[in-house]
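These notes are about the structure you will find just below.
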Amino acid sequence: MDADEVTIREQNFHSQVREYTICFLLFAILYIVSYFIIRRYKRKADEQEDEDAIVNRISLFLSTFTLAVSAGAVLLLPFSIISNEILLSFPQSYYIQWLNGSLIHGLWNLASLFSNLCLFVLMPFAFFFLESEGFAGLKKGIKARILETLVMLLLLALLILGIVWVASALIDNDAASMESLYDLWEFYLPYLYSCISLMGCLLLLICTPVGLSRMFTVMGQLLVKPTILEDLDEQIYIITLEEEAILRRLNGVSSPMEYNTKQLEQELNNVKSMKIKLERRKKASAWERNLVYPAVMILLLIETAISVLLVACNILCLLVDETAMPKGSRGPGIGNASLSTFGFVGAALEIILIFYLMVSSVVGFYSLRIFGDFTPRKDDTTMTKIIGNCVSILVLSSALPVMSRTLGITRFDLLGDFGRFNWLGNFYIVLSYNLLFAIMTTLCLVRKFTSAVREELFKALGLDKLHLSHNTRDSEAAKPSANGHQKTL
């Protein structure tokens, strides 16, 4: 009996070591990738060798850690779905014994823990540490800045706890809730993270429909469009003449009052970028122009249509079946049954849609005017903006599994703390979320595909001067066109 207990303990110990090793290797890969991404956008002028350089370096490491956690949260649901299908297809394989339910649950718990740690501790510390200078009267240095940062974190924690305490007391005023207000670990932190998750899902509700319609424009800028009734040689010749004219004007400027030098330099940069695009279109092969672009556009349209159809089906399931609720269903477990009707093909489709929704939400986030200044620029992004971007991506990525399950994109159960949010059990919140997503996505797509017709209709009725049509073409009215001339109404 004692030998059996020792054997069981050894097996448990080795399994735990194996799981922690796998988690560490996965996170190390994500951390390295995140570090190179941030270094690509970080401003090079911030790299000095003084006290500020040490502060920037610490903030850089914390931001990299947060971005790696965000990437882990994005990959969490796809990794779990594909692991379930692999375990179902190869239940007795020796090479996948490391892949089990315990590892999946551990990854979900670690993702939840690190998300809370980054959101409530590391990122506020990085921001306050970057902005700190030390209290007056104390000797300047790293210690003084750390002391000021810790004091600010303490005050922020007291402020947040006070807000949560007042909100909880106002919402639920019975005796049991009043007693739970004094439990910090079991009540405050889960309740606070539930509120942050709800805010993240609401942010995704705004960003994702906008991003789904914006993806067509973004892919149109990245790919080479078909040349129909266009003479690229003539356009390149005209834009080359305009570039030479602007260069002559810049070289012939004798006084700042004669020409606006900055405006001429901006026009020159616009003309050069347009010339590069035209040359790229000219060098592209016929397959790339006439096949890749239409195929990608059709693929985006199919993915968007499937997403809307899945949400519509989920709305019907919510009305007739209680198990469709995100918090009400508990599946058979990992590796016991396929959660998709079409098996491995359905699981692959779910993974593609989850990544598509995440990319669309990021594109929609940076397309909103209120977050337009947050857009990172290559080699010209300050550490403050990097911290803000990391926090935004963390909020979006942490809410992605919840949104995917709430909308019915996947039937995989939310594990760990992700499935313990109180609002997931509210039928009216979940139903309203699905309805709003379907309606907003449909309206954004209709607005996107009817923008040209709407603009021409306004011109025909003489209403274009009233600025009733606010679309991307209006913002491009002052930019040079492909033939080098100025676009005007």
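Quick reminder: no glycine exception, Cβ is built from N, Cα and C everywhere.
The transmembrane segment annotation in TrEMBL covers 20-38, 58-82, 102-130, 150-171, 191-212, 291-321, 341-366, 386-403, 423-446.
Within its own chain, the transmembrane segment (291-321) has Cβ neighbours under 8 Å at 212, 215-216, 219-220, 223-226, 349, 352-353, 356-357, 407-409, 427, 430-431, 434-435, 437-438, 441-442, 445, counting only residues six or more beyond its boundaries. Sequence-remote contacts of a segment are chain residues at least 6 beyond its ends whose Cβ falls under 8 Å from one of its Cβ atoms, and for the transmembrane segment (386-403) they are 38, 41-42, 59-60, 63, 66-67, 69-71, 73-74, 76-77, 115, 118-119, 123, 126-127, 130, 196-197, 199-201, 203-205, 207-208, 326, 354, 357-358, 361-362, 365, 371, 374, 376, 414, 418, 421, 424. Outside the transmembrane segment (20-38) by six or more residues, the chain places 60, 63-65, 67-68, 71-72, 75, 98, 103, 106-107, 110, 386 with a CB less than 8 A from a CB of the stretch. Sequence-distant residue pairs (6 or more apart) of the transmembrane segment (341-366) and the transmembrane segment (58-82) include at least 3 whose Cβ atoms are under 8 Å, placing the two stretches in contact. Using a Cβ-Cβ cut-off under 8 Å and counting only residues 6 or more beyond its ends in the same chain, the transmembrane segment (191-212) has close neighbours at 112, 115-116, 119-120, 160, 164, 168, 304, 307, 357, 359-365, 367-368, 395-396, 398-400, 402-403, 406, 417-418, 420-423, 433, 436-437, 440-441, 443-445.
Tertiary proximity for the transmembrane segment (58-82) is limited to same-chain residues at least six positions away from its ends with a CB under 8 Å from its CB atoms, namely 26-27, 30-31, 33-35, 37-38, 42, 104, 107-108, 110-111, 114-115, 118, 122-123, 125-127, 129-130, 334, 339, 347, 350-351, 354-355, 358, 383, 386-387, 390-391, 393-394, 396-398, 400-401, 404, 410, 412, 415.
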